[in-house]
Amino acid sequence: MASSASRVPVIDAIKAVACLSIVLHHLAFYGPMSEVARPLMPGLLDWLYHYGRMAVMGFFVVSGFLTARAFAPDGMALLARPWPAIRQRYLRLALPFLAAIMLAIGCAAIARAWLPHESVPGSPTLPQLLAHVALSNGLLGQESLFAGVWYVGIDFQLFSVLALLAWISQAAGRRYPPARWAGAAAIGALTLASLFVFNRNAYWDETALYFFAYYGLGCGAYWLTGRPGGGLLLAGMAAIVAVALIVDFRARVLVAAELMLLLGGMRQAGVLESVRVPAVLSRLARISYSVFLVHFPLCLLVSAAFFHFFPQSVAANAAGMAVAVAVSLAGGALFHRLVEQRTLDPAVRRGILASVALGAVAVMAR
């Protein structure tokens, strides 16, 4: 979800639409504004409630596509060692995430005064806070501090698995050249295992194994195309996905496959980077990670205010949802400028870490 250094307009459009869809889904899913406003737009809210979450597949497919392009463009890793890349990925994801956690804790504390609703998170515990620092709250069985937290940990898991597999194959390839392709083969095998086994069982949904189906399709969209016969290879992958859907239909897998075909087809046709999209989509894509991180805490504050002052007004709560979207976008833009773009600044890093440390002390002192 974090911005790519080399922008692709179509990918920007996917990220922008996915970002906005997730904000709207959370507004529809978590109430109470959507509960009050429902008589005004029941069909739209029902659709967002059930299907808005599908947008996250866009982020996974795009992330796989961009990671393959950056670290293994021909299927063979460019990483001499995986650990610096994994560390950099952690910092890129975690530093803005930790700042957003502190914001979420503060916003929830304010919202609880006016909004007695199940969507408002409770006060954090120390194990809960530490699990979030490790991007492992789901794996460790700790409740999320705000909606969508799981995505950050899964993204980190997926990247780490890909980096390690690619590096192992590269190291083996130095001794036995054909083994250079083992990483891409292992990633392909893991994608198939996810499609046919792990993604069909919710037991695995806190792990990369469940989500590798989407991520691997993104990698495949890059690796299989841009070469003679790439269209046939892409069609072959689509046929495999079709079999997986016949075995067990999952709309989320269908969405990921459609995005794979879109990105792979455009790359094979040589038009992926030449198609233009509206500038507003590129701007939203650039701040999409920041919007994702801050939208739920900010929406809580808007919900608390509208619930307090207009608890039964259908029109006011519908307007409140629009206000929440606007506040989320504006807050995301500000967070991107002040935090996400400045995580390489030592002063910003120290500030984020100090706030987390103070938060931990406050939790222990409670």
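Every residue, even glycine, has its Cβ placed from backbone N, Cα and C.
Taken from TrEMBL, the feature domain 'Acyltransferase 3' applies to 11-330.
Feature annotation from TrEMBL assigns transmembrane segment to 12-31 (among others).
Sequence annotations record features per position, and here TrEMBL assigns transmembrane segment to 51-72 (among others). Counting residues 6+ beyond its ends, the transmembrane segment (51-72) has Cβ neighbours under 8 Å at 1, 4, 11, 14-15, 17-19, 21-22, 24-26, 28-29, 78-79, 85, 151, 155, 158-159, 162-163, 166, 183-184, 211, 214-223, 251-252, 255-256, 259-260, 263 in the same chain.
Long-range contacts of the transmembrane segment (93-115) within its own chain (CB-CB distance under 8 A, at least 6 residues past either end) are made by residues 2, 32, 121-124, 129, 132-133, 135, 145-146, 152, 155-156, 289-290, 293-294, 296-298, 300-301, 303-305, 307-308, 335, 339-340, 343, 348-349, 352-353, 355-356, 359. Per TrEMBL, the feature transmembrane segment maps to 93-115 (among others).
Beyond the ends of the transmembrane segment (149-169), by six or more residues, the same chain brings 1, 56, 59-60, 63-64, 67, 71-72, 76-77, 79, 81-82, 85-86, 89-90, 93-94, 97, 132, 135-139, 179-187, 190, 206-208, 211-212, 215, 219, 292 to within a C-beta distance below 8 angstroms of the stretch. The annotation transmembrane segment is assigned in TrEMBL to 149-169 (among others).
Long-range contacts of the transmembrane segment (181-201) within the same chain, counting only residues at least 6 positions beyond its ends with a Cβ under 8 Å from a Cβ of the stretch, are 72, 75-77, 161-162, 165-170, 172-173, 207, 209-213, 215-217, 219-220, 223, 240-241, 244, 247-248, 250, 253. Look at TrEMBL and you will find 181-201 (among others) tagged as transmembrane segment.
According to TrEMBL, the transmembrane segment annotation covers 207-224 (among others).
Long-range contacts of the transmembrane segment (231-247) within the same chain: residues 192, 195-196, 213, 217, 220-221, 224-225, 253-254, 257, 260-261, 264-265, 268, each at least 6 residues beyond the stretch ends and with a Cβ under 8 Å from a Cβ of the stretch. Per TrEMBL, the feature transmembrane segment maps to 231-247 (among others).
If you look up TrEMBL, you'll see 287-310 (among others) marked as transmembrane segment.
Taken from TrEMBL, the feature transmembrane segment covers 316-335 (among others).
Taken from TrEMBL, the feature transmembrane segment applies to 347-365 (among others). For the transmembrane segment (347-365), same-chain residues at least 6 beyond its ends with a Cβ under 8 Å from one of its own Cβ atoms are 95, 98-99, 101-102, 105, 123-126, 129-130, 133, 339.
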